[in-house]
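What follows is a short report on a single structure.
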Amino acid sequence: MAVTAATGIRADPEASGLEAPLLDDVVEGVVNYKGIPVNRSKSGKWRSAAFIIGVEVAERFAYYGISANLITFLTGPLGQSTAAAAENVNLWSGTSMLLPLLGAFVADSYLGRYRTIALSSLLYIVGLGLLTLSALLLSSSSTDCIVAVNTTSCSPSQLQVIFFFFSLYLVAVAQGGHKPCVQAFGADQFDASDPAELKAKSSFFNWWYFGLCAGTMATVLILSYVQDNLSWVLGFGIPCIVMGIALFIFLLGTLTYRFDIKGDQTSPFIRIGQVFIRAVRNWRTTSSAISNEEEAQGTLPNRGSLQFKFLNKALVSPDGLKEEGKVCSITEVEEAKAVLRLVPILCTCLAYAVVFSQSSTLFTKQGVTMDRSIGSSFEVPAASLQSLISFSIVIIIPIYDRVLVPISRAITRKPAGITMLQRIGTGVFLSALSMVIAAIVEKKRLEIASAYGLIDKPDTIVPMSVWWLVPQYVLFGIADVFTMVGLQEFFYDQVPRDLKSIGLALYLSIFGIGSFLSSFLIAIITKVTGGDGRDSWFSSNLNRAHLDYFYWLLGGISAVAFVAYVYFAKSYIYNRVSTT
């Protein structure tokens, strides 16, 4: 008997006293929340995916309700400099994107995806509640500061700053458990062995991102206005309420979900880790001994098996005794190879992640300095321009899924039209182009500021329309349609079944590491270009800064990364022919 990953109940319909579904309608390898085999017609598919997409839309609403305008809060109520605020945003964003590795480990090894999602949602609500409280305390103290007669400083106290960042990182921890599991759990609702459901699963990744970006667009448009013009307390409180509603919706779909059966086998993390450890221990093992062991286990030569042959050393025992637990099976070795094959793709996509992190930091600070007025009384919040990314995605994804895919499918004869790696590479190229455009626009902004004598007037609006930033935001959105969705499907599809959550966590780690690299670059460049009375590239007075130089640098790095990506993508061997 097996145990369901979500509930811990053994999948034994006779013991439960409930009637099992007819065999010809049973979905193999999955059960319902009671541990009973499920009917294909009454479980999973879009029926279940709709609930899961709903909770993801709400989670993204909450996450971007914080991150999209965070740099404005840090440079406003918290009084930080532009460089310090950008570094803090990148550090928090990087941590948020790396913590899914821990969340995926917990989900795949212990709790299961369903439980991890539920518990993470609760933690999310707590974190958002504390964040709202911290904003309330900061608001109250600043009001007291203004009305005080003899006050000389309005800076928040150290305790208030610590409480704010504690709340902020609590949300990051919650996101770490939530993010890798929700999408994997949604994809689990489609049976890859069924042709119709396999096709639906490919569309699921497109429409998943469509729903996610629709929620993000609403967030940026609504919450950035609330935060800039009404109240930060309300701006953080609304996401807290939305997450509470999302948790209710997620639990509402429990009766329809499919849960992977989890047996008594060793944790996939431990299995793969043992392959690397035993391969290192057996580094002196001869190739003839390995070949004999491969033949004994009945392995068949394939292109994938010829890669990373040093891992085959894990098939043999150093003392020649095949005791249980001292050698790895060929299946475990192939699992380790599958994960290792992802590393070059992960590394070459880091430049894309560094570029991606600029949209919520430096792009927003640029917008603050520009003319954002519409009519005589309304001013567009700078952070709301990020909605252009989501708007582009919402427009392009239906075109991609319903027009471009069928056309390319007819040409290439591939189920997805183009391969996942071709899709990712297209977005990487577009992201490099977006940096070139951003550099040109920023150079134009600096020229206008100089022409109007505004170099030393950072609080004066530069007479240049904020809509000049539209092309770089739109190009970001188009790049996301290719690279973001492609990476999600690629890292879900190319890992062993037991590691679907960790696959998506690895995809998220790209953006976590990218945020850290962005923060590192900003810190180094600030130190090198600043000091001795000089203004750094990231001076708080953006009219004396040189963000254009930074954008040119990122464009060059992206170009080099794209060339490296193409090299590794051409030599990549897919785990299954059907995925290409």
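The first residue you see is number 1, and the count goes up from there.
Cβ from N, Cα, C; glycine included.
Since the structure is predicted, the reported quantities are computational estimates derived from the model, not experimental observations.
For the ranges 44-64, 380-400, the feature annotated in TrEMBL as transmembrane segment maps to 380-400. Using a Cβ-Cβ cut-off under 8 Å and counting only residues 6 or more beyond its ends in the same chain, the transmembrane segment (207-226) has close neighbours at 49, 53-54, 56-58, 60-61, 64-65, 68-69, 183, 186, 234-235, 238-239, 381-387, 389-391, 393-394, 397-398, 401, 477, 480-481, 484-485, 488. Same-chain residues lying 6+ beyond the ends of the transmembrane segment (380-400) with a Cβ under 8 Å from its Cβ atoms: 64, 68-69, 72, 206-207, 209-210, 213-214, 216-217, 220-221, 224-225, 227-229, 359-360, 363-368, 372-374, 466, 469-470, 473-474, 476-478, 480-481, 485. Taking pairs at least six residues apart, the transmembrane segment (504-529) and the transmembrane segment (232-252) share fewer than three Cβ pairs below 8 Å and do not count as touching. Proximity of distant same-chain residues to the transmembrane segment (421-441), defined by a Cβ-Cβ separation under 8 Å and at least 6 residues beyond the stretch ends, is recorded for 345, 348-349, 351-352, 355-356, 358, 363, 468-469, 471-472, 475-476, 478-487, 490, 548-549, 551-552, 554-555, 558-559, 561-562, 565-566, 569, 572. Residues 51-52, 54-55, 57-59, 61-62, 65-66, 69, 73, 77, 117-118, 121-122, 124-125, 128-129, 131-132, 135-136, 138-139, 219, 222-223, 226 of the same chain sit 6 or more residues outside the transmembrane segment (232-252) yet have a Cβ under 8 Å from a Cβ within it.
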